[in-house]
Amino acid sequence: MSNTDAFFSRPLAEVDPDIFGAIEKELGRQRHEIELIASENIVSRAVLEAQGSIMTNKYAEGYPGKRYYGGCQFVDIAEELAIERAKKLFGVNFANVQPNSGSQMNQAVFLALLQPGDTFMGLDLNSGGHLTHGSPVNMSGKWFNVVSYGVREGDNLLDMDEVERKAKETRPKLILAGGTAYSRVWDWKRFREIADEVGAYLMVDMAHIAGLVAGGQHPSPFPHCHVATTTTHKSLRGPRGGMILTNDEDLAKKFNSAVFPGLQGGPLMHVIAAKAVAFGEALQPEFKDYAAQVVKNAKALAETLIEGGLDVVSGGTDNHLMLVDLRKKNATGKRAEAALGRAYITCNKNGIPFDPEKPFVTSGVRLGTPAGTTRGFKEAEFREIGKLIVEVLDGLKVANSDEGNASVEAAVREKVVGLTDRFPMYPYM
């Protein structure tokens, strides 16, 4: 076999056994662990095939029909399909599907609408916001004057009176609504009324809830917002990436220019092809059933945790996620994440509102149901999962050490493997 033949023929296992081995181990982890990280999901075989396709070879700077390279006629088809499907999915007139990530989609909107030093408002990180919503360690907090709003201390719900008061005091150029750890319904209409009163743009980051919006389980930010951004993974169940949506043609032109050439060069055409596939899947009737089940499962999980003696921030959830306050179990988020991980339950430590602990320790964990729902889990399974979580945390409380309770974790791990074996994923692999 010539070198050229080998280049096009040798499989990964032969070319790079180290990477192949890591992928095989990751497949085993995903098959046997319960994934409760709210920002993660499991894509279809079709999405995997599109993302792993030969479209990865193609440079395509520009937009469909207006490229800086030749040979783009077929990647144009993929991007045009992604755009049209995104528009249909969210009922909007314009979509940019090129952002490589959630951070880049938000940066593109800032680049289009703000100048360095301008004021914008965003949800405080400790109340469930995102780094790109004005955190001082992020570009958004370094380049702009950020006015943060938060939740009320009593019920941990958004303090809309505070939003209105701060908006009137500071006259921001943009108000950003949306978050990564807020479990209740957003009042887009009230946000728009406040934005109009002070002459601000309303931007909605619906990265976490876009799948629920598409599936009819959360109110759409349109027609209230000027622009919405969303990642394409999470509850949308697509490849990792971002997009920008609007009904305003003038703003759409600004966003297109901000993405390219403002922030990015050549778009990732294999990822855009996979986005198109995922949007097509989300347009099918069964996706509405999926979104409804995600919410049902989250409610079942939250109720079970509360019955087990845990506090759920704001008292429950209306969407796919919940923040669990661990202080009643004398646990930190760091300890709980590690203990649950040893029991094959994957989650992430997360700050809770007014958290006394440091960001890398935290008093809480964030749990979500999209990935488990994709596997086929329903309320009964999530009630079982809730009981297993309580079992691990009770064992951790008794042990009162970073090492956890080995016997309890081993027993739960065995139950988890039994549960996940009933819901296989990627059987062809």
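Including glycine, each Cβ sits where the backbone N, Cα and C put it.
According to Swiss-Prot, the features are:
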- L125, G129, H130, L131: (6S)-5,6,7,8-tetrahydrofolate binding site (BINDING)
- H233: site 'Plays an important role in substrate specificity' (SITE)
- K234: N6-(pyridoxal phosphate)lysine (MOD_RES)
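Taking the C-alpha positions, the distance from L131 ((6S)-5,6,7,8-tetrahydrofolate binding site) to H233 (site 'Plays an important role in substrate specificity') comes to 18 Å. When the alpha carbons of L125 ((6S)-5,6,7,8-tetrahydrofolate binding site) and H233 (site 'Plays an important role in substrate specificity') are compared, the span between them is 21 angstrom.
Taking the centre of the Cβ atoms of L125, G129, H130, L131 as the (6S)-5,6,7,8-tetrahydrofolate site, the nearby residues of that chain (Cβ within 8 Å, site residues left out) are G122, L123, D124, T132, H133, G134, S135, N138, G179, T180.
Here the Cα atom of the residue listed as 'N6-(pyridoxal phosphate)lysine' is found 14 Å from that of H130 ((6S)-5,6,7,8-tetrahydrofolate binding site). In this structure, H130 ((6S)-5,6,7,8-tetrahydrofolate binding site) belongs to neither helix nor strand by DSSP; it is coil. Under a cutoff of 8 A between CB atoms, and with a sequence separation of 6+ in the same chain, the neighbours of G129 ((6S)-5,6,7,8-tetrahydrofolate binding site) are G122, L123, S135, S148, G179, T180.
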